[in-house]
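Report on the structure given below.
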Amino acid sequence: MRILWIVAVCLIGAEGHLSQFGDMINKKTGIFGIMSYIYYGCYCGWGGKGKPLDATDRCCFVHDCCYGRVNGCDPKMGTYSYSFQNGDIVCGGDDPCLRAVCECDRVAAICFGENMNTYDKKYMLYSLFDCKEESEQC
């Protein structure tokens, strides 16, 4: 399933909100976001289970929970409006659902930036099979 997700991200390219999320991550961390976080820990990328492994993985857990609260659109599809103003990410647009998705991504990008010191390369390409502890509630 993870291979399919990587292929989907590559096919999306510069279209869709995943590239927008990657741009936000890049602005807040200075690293290429999507590839650095897509399969990090137990929660970054498609799906998630178990307990977050560190603060970076917790950013993804909270992001997943945020997406779970979005109503009216698919959080992984569509394009939202946002801009960077004085180093801050500002979500805009008239569609309340896409604006909510943007806010989820904005908060996650900020979280990644604030927790870069917890990023551990051993959790890159981490297998969900190794996430065995009971999952937390959102």
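Placed from the backbone N, Cα and C atoms, the Cβ positions cover glycine too.
Residues or ranges marked as signal peptide in Swiss-Prot: 1-16. The disulfide bond annotation in Swiss-Prot covers C42-C131, C44-C60, C59-C111, C65-C138, C66-C104, C73-C97, C91-C102 and is backed by similarity to another entry. Annotated Ca(2+) binding site per Swiss-Prot: Y43, G45, G47, D64, in sequence order. The active site feature in Swiss-Prot is assigned to H63, D105; the stated evidence is similarity to another entry.
Distribution of Swiss-Prot features across the structure.
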| residue | record | Cβ neighbours (10 Å) |
| --- | --- | --- |
| Y43 | Ca(2+) binding site | 28 |
| C44 | disulfide bond | 25 |
| D64 | Ca(2+) binding site | 20 |
| C65 | disulfide bond | 15 |
| C66 | disulfide bond | 19 |
| C73 | disulfide bond | 15 |
| C91 | disulfide bond | 18 |
| C97 | disulfide bond | 16 |
| C104 | disulfide bond | 22 |
| D105 | active site | 26 |
**Request:** Starting from the Cβ of C102 (disulfide bond), draw a 10 Å sphere and report how many other Cβ atoms land inside it.
**Result:** 26
**Spatial neighbours of C138 (disulfide bond) among the recorded positions Y43, G45, G47, D64, D105 [C-alpha, 10 Å]** = D64
**Prompt:** Near the Cβ of C59 (disulfide bond), how many other Cβ atoms are there if near means within 10 Å?
**Reply:** 28
**Message:** I need the nearest neighbour of D105 (active site) among the recorded positions Y43, C60, C73, using C-alpha distances.
**Reply:** C60
**Rounded Cα-Cα span from C59 (disulfide bond) to Y43 (Ca(2+) binding site), Å** = 8
**Prompt:** Inside 8 A of the center formed by the CB atoms of Y43, G45, G47, D64, which other residues of the chain have their CB, for the recorded Ca(2+) site?
**Reply:** C42, C44, W46, G48, C60, F61
**Item:** Neighbourhood of H63 (active site), C-beta criterion under 8 angstroms, separation at least six
**Value:** Y43, C104, D105, V107, A108, C111
